[in-house]
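K.L.:
This is the feature table in TrEMBL:
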- 12-31: transmembrane segment (TRANSMEM)
- 69-89: transmembrane segment (TRANSMEM)
- 101-118: transmembrane segment (TRANSMEM)
- 138-159: transmembrane segment (TRANSMEM)
- 171-199: transmembrane segment (TRANSMEM)
- 205-223: transmembrane segment (TRANSMEM)
Amino acid sequence: MMVSFFDQFASPSFLGIPLIALAIALPWLLFPTPPSRWINNRLITLQTWFINRFTNQLMMPLNVGGHKWALLLASLMVFLITINMLGLLPYTFTPTTQLSLNMGFAVPLWLATVIIGMRNQPTVALGHLLPEGTPIPLIPVLIIIETISLFIRPLALGVRLTANLTAGHLLIQLIATAVFVLLPMMPTVAILTATVLFLLTLLEVAVAMIQAYVFVLLLSLYLQENV
């Protein structure tokens, strides 16, 4: 039984071919495209309003040089939210529960922020490794600690997203299994458990959106330090 709980995180395959590429590519087909008319419909208007508000909020702390990342970060935000939300549907697969996929997003983007900082302002970028006013005996120790924390950032990004989604999906499946087991024996307890399951599902919807926002927000904070 315990093995079956983790089967939902295995990449689906057909004729031995992994279908994770389809799970990543197909959600993009759900987004409406602007028509050729001057006036958009309500769905496109709502989508445009959300993307504009999110981009303005995200780019506000950054200077003009960081605004070049607006399209990339907004697209990543919409992509992660869509995949996380679709993964809550029954009989679906959530690609963001795979650590390899999340690290594939985190490492290149984090490395890009570091390279930009080293290229544009190397003195300021290296200055983050040593806080101002540090006593001389602590300088080597703090440089080592700050260097380790710098290289742990992409791992923290990927593990945070993976762990939150995986834990939520496992908890939903455990409580749903308990409901089916308790229903013939203790219907009242099963109804109460189903209520908890419904509330947990609403919480997971919020977690799916918040974790996507946190992922992109932390990337923007890393970018802010280097532009």
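Including glycine, each Cβ sits where the backbone N, Cα and C put it.
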K.L.:
Among 69-89, 138-159, 171-199, 205-223, which stretch has the highest count of C-beta pairs below 8 Å with the transmembrane segment (12-31)?
P.N.:
69-89
K.L.:
Among 69-89, 138-159, 205-223, which stretch has the highest count of C-beta pairs below 8 Å with the transmembrane segment (101-118)?
P.N.:
138-159
K.L.:
Is the transmembrane segment (138-159) packed against any residues at least 6 beyond its ends, judged by a Cβ distance under 8 Å, and which are they?
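P.N.:
99, 102-103, 105-107, 110-111, 114, 128-131, 215, 218-219, 222.
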K.L.:
May I ask for the residues of the chain that lie six or more residues beyond the transmembrane segment (205-223) and have a Cβ under 8 Å from a Cβ within it?
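P.N.:
Counting only partners 6 or more residues beyond its ends, the transmembrane segment (205-223) has Cβ contacts under 8 Å with 58-59, 61-62, 66, 69, 73, 76-77, 80-81, 84-85, 87-88, 105-106, 109-110, 113-114, 116, 153, 157, 160-161, 164-165, 168.
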K.L.:
Cβ under 8 Å to the transmembrane segment (69-89), counting only same-chain residues 6 or more beyond its ends: which ones?
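P.N.:
Same-chain residues near the transmembrane segment (69-89) but 6 or more away: 23-24, 27-28, 30-31, 51, 54-55, 58-59, 62, 95-97, 105, 109, 161, 165, 169, 201, 204-205, 208-209, 211-213, 215-216, 219-220, 223.
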